[in-house]
Each structure stands twice: as C-alpha cells, then as structure tokens.
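Everything on this sheet refers to the single structure shown next.
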C-alpha cells in the first residue's frame, strides 16, 4: 500500500472540525445503549465545546499525565486529558471499546504501527476530532505543552492492551486495567514484573463524581 493510502486509512488523518458537531449528542440525551463512532465523536465535541464543565480540572505535569473522569455509565465513559510532550502513552489498544478524541487546546501527536516502514505520525490540532474502532492501535503524546483533549469510549473502558517489541524482535501485548496510567512498556523479552508495572498518574478529582479514575489515550 502506498504511503498516501496508508495515511488516508488512519482515523486521525480523517479528523474533522468538531464545532459543527457540538450539541448533536450531549450527556443529557444519551441513548440507553453503546454508542457508534459518529455518536462518540459528537459527544466528545459537545463536551469539548463546554469548557465550564471541565476547565477547573486542567493541570500539567511532565512526570505524570493529569487527567480526570468526566462521566461514566453502563454504556460510555468520558475523560479529560492534559498533555505535555513528555506524556507518552506508549503503544496501546482499547480492548473492545471504540473511542473518539477531541483536541481542545494545543496539539496531539498520534503514531500508528506499520510493518516494514516504521510508525506513521499524524498531528491533530485544536478544534479537531476523530473516532476509531476497537481494532485501533496507537500511541499518543502532546506535541505542545499545555495541550488538552476530551476522550469518549463505548462500551466504557475496562481492559486495555499495551504493546512493546522484545529484545528478540517479538511484539507482545500486556493486558492492563483502565485504572492504570498508560506509559511505554520496557523493551524486554521477559514479562513485566512489579518493578515495571505502570504507576498511577496525577488525577484531579471532579467534585461532581463519586471518584475520579485515570483514563487512556
């Protein structure tokens, strides 16, 4: 496949302006079922366009990504993520969940795995949103200090897969809880032990929720 065909197939390469989608689906009118790609993008757009609901949770830390739960029910969960260039998620998937990302400030960098040609990089600027299915594998970090994004997932995140290439050249997947911060896995041929387990991130609790938990990328 030609490079142009590869990039055209990437969800982030098809990111759209989210302002026209804001208000089409909100937390007040969610259907009692899992959401599809378009609905997830519309929901992320609506929340991204309502900074009064999340601006008090914004914060930045080069050592630990700051993020907070904005909503969680049986069918969807929504997160606010704050980024610096040092906040790297590592390669990961979202298990059975589809997702959407709306960038409200700064710029994110998404990398996608390819075979034989290295990773493909896409930059998503403020005002853009994209959605993806459970088959999507990517790696995210902030292209600029002070970047902020809203992420929506359906069904809600429960397990995620993290990926690394061993020193023998073998790709491996490690299943992790959605409550663990995503960070790059160590490049080793041995399964990760307690010393390499992900550490918890700095989470800003939402007073309107019973508790705030970490989110993914």
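Yeah, the Cβs are placed from backbone N, Cα and C, and that goes for glycine too.
Per TrEMBL, the features are:
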- 92, 94, 138: Fe cation binding site (BINDING)
- 183-217: region 'Disordered' (REGION)
**Q.** Neighbouring C-beta atoms (10 Å sphere around the C-beta of residue 92 (Fe cation binding site))
**A.** 24
Q: Return the residues near residue 138 (Fe cation binding site), defined as same-chain residues 6+ apart in sequence whose C-beta is under 8 angstroms from its C-beta, sorted by sequence, else 'none'.
A: 12, 91, 92, 110, 111, 112, 132, 217
Q) What is the Cβ neighbour count of residue 94 (Fe cation binding site) at a 10 Å cut-off, with all protein chains included? A) 25
